[in-house]
Amino acid sequence: MQGPAGNASRGLPGGPPSTVASGAGRCESGALMHSFGIFLQGLLGVVAFSTLMLKRFREPKHERRPWRIWFLDTSKQAIGMLFIHFANVYLADLTEEDPCSLYLINFLLDATVGMLLIYVGVRAVSVLVEWQQWESLRFGEYGDPLQCGAWVGQCALYIVIMIFEKSVVFIVLLILQWKKVALLNPIENPDLKLAIVMLIVPFFVNALMFWVVDNFLMRKGKTKAKLEERGANQDSRNGSKVRYRRAASHEESESEILISADDEMEESDVEEDLRRLTPLKPVKKKKHRFGLPV
């Protein structure tokens, strides 16, 4: 015969499960926004964003962006990643499943399928911007001097791309029933689960995502700058005039001398070149009579 203590330890058959049973081996609902979860998220943001600073110093010096351009580029990406992060936190608490596992599944889908969708979205928007000639909406270009309106417009476009990406990932999550996949069931410590979901795995994946997406957002500006530089060089070559000067030789033949019109060659050098070329005599052909030289 068991006493009240035994019944309390097992929990009543018709009542709610005990606190130990509900919390053992799984994150509780809302655990992602508790104090420990918020601390891990802040630490992750600082560490992951520092990879963008490392990327800037790894760029060649002649292609390295000024700090203001770098900040405008990376701030768009930071805002987009914050949107994805809080969307994942919200979606993780919608069901009764383990929120840590759901967050991790959402995050991994964002890092795989989502990366492809972001690339397609950036390319599609770039084509539309070039077609409509919206110069202020070209990713990575903010005018000279810098215009805040250009940054706001590009940031809005990038957020639209992120909304599209998150919507597709959410549909994939629902169709394939990935919410039933329990990736973290073998781990029994909820705090360790939270650290894996919020810090350890996102650190490596976010570093890669920040690095790749930064190339998406800055590529158009670098390409356009190279095209403008190439066009300027082409114009400078086409703009230089070329003239011909004729000099009579002793044999009353004419030799053509090509002289560039960039005024870098002095007149004395031109005359010296003419004197050097005029003494050249043409080779006289020998006359033949009946096949024998005369």
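For all residues, glycine too, the Cβ spot is worked out from N, Cα and C.
Under the heading region 'Disordered', Swiss-Prot lists 1-22 (among others).
Marked as region 'Disordered' by Swiss-Prot: 227-268 (among others).
Sequence annotations record features per position, and here Swiss-Prot assigns region 'Required for localization in the endoplasmic reticulum' to 241-246.
Residues or ranges marked as motif 'GXXXG motif' in Swiss-Prot (evidence: an author's statement): 149-153. If you average pLDDT over the motif 'GXXXG motif' (149-153) in this model, you get 91.
The feature topological domain 'Cytoplasmic' is assigned by Swiss-Prot to 1-28 (among others).
What Swiss-Prot lists as topological domain 'Cytoplasmic' is 215-294 (among others).
What Swiss-Prot lists as transmembrane segment is 29-49 (among others), and the listing cites sequence analysis.
Look at Swiss-Prot and you will find 69-89 (among others) tagged as transmembrane segment. Distant neighbours of the transmembrane segment (69-89): 32-33, 41, 49, 52, 56, 103, 106-107, 110, 114, 140, 142, 146, 151, 154-155, 158-159, 161-163, 165-166, 206, 209-210, 213-214, 217-218; these residues of the same chain sit at least 6 beyond its ends, with a Cβ under 8 Å from one of its Cβ atoms.
Per Swiss-Prot, transmembrane segment is recorded for 102-122 (among others), and the stated evidence type is sequence analysis.
For the transmembrane segment (156-176), the residues of the chain that approach it from at least six positions outside its boundaries are 76-77, 79-80, 83-84, 87, 91, 105-106, 109-110, 113-114, 117-118, 121-122, 125, 137, 139, 217, judged by C-beta separation under 8 angstroms. Under the heading transmembrane segment, Swiss-Prot lists 156-176 (among others).
The transmembrane segment annotation in Swiss-Prot covers 194-214 (among others) and rests on sequence analysis. The list of residues near the transmembrane segment (194-214) in space but at least 6 beyond its ends in sequence, with Cβ under 8 angstroms from a Cβ of it, reads 27, 31-32, 36-37, 40-41, 43-44, 47-49, 51-52, 55, 73-74, 77, 80-81, 100, 103-104, 107-108, 110-111, 115, 118, 184, 187.
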Long-range neighbours of the transmembrane segment (102-122), counting only residues six or more past its ends (CB under 8 A): 32, 84, 88-89, 91-92, 95, 139, 158, 161-162, 164-166, 168-169, 172-173, 178-179, 181, 183-184, 196-198, 201-202, 205, 208-209, 212-213, 216-217
